[in-house]
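So the structure is just underneath, and the comments pick up after that.
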Amino acid sequence: MHAQPTTQPAPHPDVTAETRAGDPRGRLGAAVWILAVVPFLAVQPAVGAAWRTPYSWVRNNISDLGNVHCGIWDASRPRYVCSPLHDLMNAAFAAHGALLLAGVLLTGRACWGRGARALTTRILFLISAAAWVLVGFVPADVDENLHVLGALCIMGVGNAALLCAAFLPRGALFAAIRPATFALALLALTAAALFFTRHDPGLGMGTLERLAAFGTDAWVLVAAVAVLRRRRADRP
């Protein structure tokens, strides 16, 4: 009696050879994302600590750290702003965006999958990353309109990208972190809606802005870890 040959199930059409074998460019993209986020978050307390009038993480906007002039700012929520290390903060904004953008370009189909959903998600992330560069070059008290446009792209387009990432094709590496993606998208979109409509549930407008703006940063860290863990799993 002859043994029947065993057959392996066909891989899902969205699973590429790179997904199964590991993608060197994707690993580089993951490292770039970590470099984009960790120093960016670390520099903010240093810039805030240089304020003579204490910077409030609950009340002050992120952009206040990059304002180049000292004085009362923002007619809707008047507050005194004076950031001695504004040049450092604005350079950090621009570098953050450039590195996020590079990470999106380096992580390829193995991470995002194929098709319109994957392409749309990546384009939205690219727009959001470019917006960080914009706010770094155009502080709020230099050109408020352009700066607000950048902020809208970060918290609007960026969080739309986050929501789209929750629907990436099955088989894409980033689809494996779908539960975390959904949770971060829900939190960031809720915070953005409260921030833009000026409905503070008691967290403070500065807190709401951070939850809205840094949702994508949290996601790229989770995504980067997923890529690097896949590399370790692929080792013999």
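Quick reminder: no glycine exception, Cβ is built from N, Cα and C everywhere.
Annotation source TrEMBL lists region 'Disordered' at 1-22. The annotation transmembrane segment is assigned in TrEMBL to 30-51, 88-107, 119-140, 146-168, 180-199, 211-228.
Counting residues 6+ beyond its ends, the transmembrane segment (119-140) has Cβ neighbours under 8 Å at 61, 63-64, 66-68, 73, 86, 90-98, 100-101, 104-105, 112, 146-154, 157-158, 160-161, 164-165, 168, 216 in the same chain.
Tertiary proximity for the transmembrane segment (146-168) is limited to same-chain residues at least six positions away from its ends with a CB under 8 Å from its CB atoms, namely 63, 112-113, 117-118, 120-121, 124-125, 127-128, 130-132, 134-135, 138-140, 174-175, 178, 181-182, 184-185, 188-189, 192, 195-196, 209, 212-213, 215-216, 219. Remote same-chain partners of the transmembrane segment (180-199), defined as residues 6 or more beyond its termini with a Cβ less than 8 Å from a stretch Cβ, comprise 76, 155-156, 158-159, 162-163, 165-166, 174, 205, 208-209, 211-212, 214-216, 218-219, 222. Listed by sequence, the residues of this chain that lie at least six past the ends of the transmembrane segment (211-228) yet keep a Cβ under 8 A from its Cβ atoms are 23, 26-27, 29-31, 33-34, 36-38, 40-41, 62, 100, 103, 107, 111, 125, 128, 151, 154-155, 158-159, 161-162, 165, 173-174, 176-177, 180-181, 184-185, 187-189, 191-192, 195, 203.
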